[in-house]
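As recorded in Swiss-Prot, the features of this protein are as follows:
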- 1-20: signal peptide (SIGNAL)
- 26-254: domain 'Peptidase S1' (DOMAIN)
- Asn46: N-linked glycosylation site (CARBOHYD)
- Cys51-Cys67: disulfide bond (DISULFID)
- His66: active site, charge relay system (ACT_SITE)
- Asp115: active site, charge relay system (ACT_SITE)
- Asn124: N-linked glycosylation site (CARBOHYD)
- Cys149-Cys215: disulfide bond (DISULFID)
- Asn176: N-linked glycosylation site (CARBOHYD)
- Cys180-Cys196: disulfide bond (DISULFID)
- Cys205-Cys230: disulfide bond (DISULFID)
- Ser209: active site, charge relay system (ACT_SITE)
- 224-228: region 'Self-inhibitor loop' (REGION)
- Asn251: N-linked glycosylation site (CARBOHYD)
- Asn256: N-linked glycosylation site (CARBOHYD)
Amino acid sequence: MHSSVYFVALVILGAAVCAAQPRGRILGGQEAAAHARPYMASVQVNGTHVCGGTLLDEQWVLSAAHCMDGVTDDDSVQVLLGAHSLSAPEPYKRWYDVQSVVPHPGSRPDSLEDDLILFKLSQNASLGPHVRPLPLQYEDKEVEPGTLCDVAGWGVVTHAGRRPDVLHQLRVSIMNRTTCNLRTYHDGVVTINMMCAESNRRDTCRGDSGSPLVCGDAVEGVVTWGSRVCGNGKKPGVYTRVSSYRMWIENITNGNMTS
């Protein structure tokens with residue numbers, strides 16, 4: 001489904017970046033109440049969960065661009081909505097084929113910037129109490145440091161790499177970007193288009209990439225990268241700020257696929 005072709009040198013460089021700044025890293029959280037987060041999506045490749053996502057409306061899901069690294073036209077990409085458990089039968093869960101995959105034009109495997117992707121479902125999602133969109137934060141203002149925000153996903157929940165079958169959630173505290181960029185943390189690589197959250201033994205982990213960071217009633221960020229070791233307090237979790245990409249998201253979801 002992901003048709004972009006990268007030069008070999010770019011792929012090698014991208015691998016080096018990811019080794020230093022691993023992608024998608026819920027550790028230290030707890031199981032979410034079933035269907036309490038009806039906006040959550042599971043992005044799946046060939047039937048396997050790879051990333052989280054946010055349902056924006058009946059046809060569009062927002063996630064992280066790096067989730068499609070290595071995915072080809074021969075792979076099957078689907079989005080699961082209405083799920084708490086990835087495997088157990090549930091009355092409201094349904095898989096949707098993906099009609100279009102639209103990565104941000106600035107996203108590249110050798111870069112941490114512009115790490116967003118939009119999936120257009122092949123048919124409208126059936127909305128209700130268990131499947132419901134969540135609004136994005138479009139006001140371009142910083143979230144105050146110390147603000148408590150929620151993140152959820154089906155990613156790794158232990159250092160041993162155990163992946164849960166049910167949705168887990170975590171509350172994190174927003175960190176000042178200047179602090180996050182200190183040499184002892186991320187050493188200047190966090191840009192104005194990113195935001196940080198404290199990660200001391202409580203963090204997103206592998207498989208949580210693309211999941212929304214929810215502050216109040218809006219999506220403020222998308223899980224993108226962090227530490228090689230999830231929950232490392234010296235490597236805060238980093239999220240892509242959605243307000244920085246308002247125009248791109250609106251253009252694509254309103255039908256301007258060339259944006």
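Every residue gets a Cβ built from N, Cα and C, even glycine.
Its own atom aside, the Cβ of Cys67 (disulfide bond) has 28 Cβ atoms within 10 angstroms in the protein chains shown. Closest by Cα distance to Asn251 (N-linked glycosylation site), from the recorded positions Cys149, Asn176, Cys196, Cys215, is Cys215. The average pLDDT the prediction assigns to the domain 'Peptidase S1' (26-254) is 90. Comparing local CB density within 10 A for the recorded positions Asn46, Ser209, Asn251, the maximum falls on Ser209. Residue density at Cys51 (disulfide bond): 28 other Cβ atoms are found within 10 A of its Cβ, drawing on all protein chains shown. Between Cys149 (disulfide bond) and His66 (active site, charge relay system), the C-alpha separation comes to 23 Å.
The Cα atom of Cys51 (disulfide bond) lies nearest to that of Ser209, taking the active-site residues His66, Asp115, Ser209 as the candidates. Among the recorded positions listed (Asn46, Asn176, Cys180, Cys196, Cys215), Cys196 has its Cα nearest to the Cα of Ser209 (active site, charge relay system).
The local packing around Asn176 (N-linked glycosylation site), expressed as other Cβ atoms within 10 Å of its Cβ over all shown chains, amounts to 14. In three-state terms derived from DSSP, Asp115 (active site, charge relay system) belongs to neither a helical nor a strand segment and is classed as coil. The closest partner of Asn124 (N-linked glycosylation site) among the recorded positions, by CA position, is Asn256; the full candidate set was Asn46, Cys67, Asn176, Cys196, Asn256. Geometry remark: Cys215 (disulfide bond) versus Cys196 (disulfide bond), CA distance 13 Å. According to DSSP, Ser209 (active site, charge relay system) is assigned to coil rather than to any helix or strand.
Taking the C-alpha atom of Asp115 (active site, charge relay system) as reference, the shortest distance to any of the recorded positions Asn46, His66, Cys67, Asn176, Cys180 belongs to His66.
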